[in-house]
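Student: There's a structure below that I have some questions on.
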Amino acid sequence: MGNYKSRPTQTCTDEWKKKVSESYVITIERLEDDLKIKEKELTELRNIFGSDEAFSKVNLNYHTENGLSLLHLCCICGGNKSHIRTLMLKGLRPSRLTRNGFTALHLAVYKDNAELITSLLHGGADIQQVGYGGLTALHIATIAGHLEAADVLLQHGANVNIQDAVFFTPLHIAAYYGHEQVTRLLLKFGADVNVSGEVGDRPLHLASAKGFLNIAKLLMEEGSKADVNAQDNEDHVPLHFCSRFGHHDIVKYLLQNDLEVQPHVVNIYGDTPLHLACYNGKFEVAKEIIQISGTESLTKENIFSETAFHSACTYGKSIDLVKFLLDQNVININHQGRDGHTGLHSACYHGHIHLVQFLLDNGADMNLVACDPSRSSGEKDEQTCLMWAYEKGHDAIVTLLKHYKRPQDELPCNEYSQPGGDGSYVSVPSPLGKIKSMTKEKADILLLRAGLPSHFHLQLSEIEFHEIIGSGSFGKVYKGRCRNKIVAIKRYRANTYCSKSDVDMFCREVSILCQLNHPCVIQFVGACLNDPSQFAIVTQYISGGSLFSLLHEQKRILDLQSKLIIAVDVARGMEYLHNLTQPIIHRDLNRSLKYLSAFCCCPNHLFLTAHTIYLLAP
């Protein structure tokens, strides 16, 4: 049994295929590099290949800095079959490689020039000669998707099943890149559909992973039928790959066409195709597998003690998928894997707070414990989902679990002990949570400094503080002077509480206020950003005070016209906020947050803080 917490997100096959993909990208880059000729040199070469007289006088030993001979250049710069024949008769070797590792035949194939390919082959070029990466000319034609070039090579006896340095045949490459017509041609010339690559991958594995349905169908045709249940070195079958990457049409084709697919087969990690669909949030694929093949896969656990339900909770971004799996009435929401961990453990460990809330609302038991399988049998290390969240620094989830703590539990609501442990308590911020918060805050501040226009950057030395005119949990508000203007200064305390810090609110508030410009919204003057201990937001000072002060402290009586002026100005400010490209909702519109320039005189101003603003997507 494997340790869930050490479950790899990438398999060995994934790592290998990434390297294979990179190698083919490099191959194309090297081919393109060979095709790059300096403009002056290119003009001269075109003149040579465009004139029989000039060509007859050319130095046969000529070559470029990249090691391109005249034979290579003939394939790039407008040469013809006559030039090829002449150069080869005069002794230029077609086997010579450029510094990037390609013959003239490779370059002619990459340029898709059937005439030059034929001429080179008739002149004695080795059709099976390998260049960079163990690639033959047929491999190059397949990578580029050049149907005509591939056809000429096959007509002249190219080995259709030859393998390159990563043991890919041309058919592997055609399936990988989705070259349907080239695939059809290769099959016509007898390509082996079941030959294995370096990690046991067949062309059908590649087509299934990349989502090429038509190629998958070609590979399954009678006469060259691929083994639909063939396993690679990690026991993946094609259904594993199309399920993992969400290729619903291929999943449906494999399951519905009497192909004798084994839908519940497992890889070396114990994953069924349904597991992989759920680990990657492929809801439609998961539904298709269950609807066609039944619910057998739902009860299977992989080596990390996870059912498909656990897998969906590990992914955590599709509550609809989790709900669908629970609706099958096969797995209980509190089902524990062999190591004891539940879907709630998985969601907590990966920080999926919305899923955690959904599971708790639907009866998930936060007191169930998991055991660490890496410990020896004599040691008992039982952990609740809260401990898993705490370990990963997901402090918001720890706080949420506090809210949902069962009333019969005797521990205080703000402290937790580990069941079966030594009674030690956990509290937020967790060590990792604190590090995450600090790292995020530093990044947020740097981004804010970079994005805030320079005229909004203030130094604390530029500000003259006068009397205090307000206070709150964030700090204090002062009346003062800045750049020869009377202003209001909101001075922050640089402390962190719970899971949301003043730094976060400060950055949020500044980033929004700096974009606002309307006569009925308090004007932003600037901010001090140098250090959290000096954080301050400077805004326009409104001399008339708040509407609350006017009505309840000064006991002023407003006439109807003044009330209408105030109401209209507030509405104008709200309309401006709501009609921004990214609309803003003022979530706490009350008398304390409406300020008056002077008694009964417009404009009246809306005051926004990080607590009262809410951004809507455009």
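Quick reminder: no glycine exception, Cβ is built from N, Cα and C everywhere.
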Student: Which residue range, 21-51, 455-485, is the one Swiss-Prot calls coiled coil?
Tutor: 21-51
Student: Lys442, Lys490: which one does Swiss-Prot list with Ile469, Gly470, Ser471, Gly472, Ser473, Phe474, Gly475, Lys476, Val477 for the ATP site?
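Tutor: So the ATP site in Swiss-Prot includes Ile469, Gly470, Ser471, Gly472, Ser473, Phe474, Gly475, Lys476, Val477 plus, from the candidates Lys442, Lys490, Lys490.
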Student: I want to check the contact list for Gly475 (ATP binding site): same chain, sequence separation of six or more, C-beta distance under 8 angstroms. What comes out?
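Tutor: Sequence-distant Cβ neighbours: Lys490, Arg491, Tyr492, Arg493, Asp502.
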Student: Same-chain Cβ contacts of the repeat 'ANK 8' (304-335) under 8 Å, 6 or more residues past its ends?
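Tutor: Residues 1-4, 7, 269-272, 274-281, 283, 286-287, 290, 295, 297-298, 341-344, 346-347, 349-352, 354-355, 358-359, 362-365, 368.
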Student: Return the residues near Ile469 (ATP binding site) by Cβ distance under 8 Å, restricted to its own chain and a separation of at least 6 in sequence.
Tutor: Val477, Tyr478, Lys479, Ala488
Student: Can you name the far-off residues of the same chain, 6+ from the ends of the repeat 'ANK 2' (100-129), with a Cβ under 8 Å from a Cβ of it?
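Tutor: For the repeat 'ANK 2' (100-129), the far contacts come to 30-31, 33-35, 66, 69, 71-72, 74-76, 79-81, 84-85, 88-89, 94, 135-138, 140-141, 144, 146, 148-149, 152-153, 156-159, 162.
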Student: Determine the Cβ neighbour count for Val477 (ATP binding site): the number of other Cβ atoms within 10 Å of its Cβ.
Tutor: 17
Student: For a three-state summary based on DSSP, what are the helix, strand and coil counts in the repeat 'ANK 3' (133-162)?
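Tutor: Helix (H, G, I), strand (E, B), coil: 19 helix, 0 strand, 11 coil.
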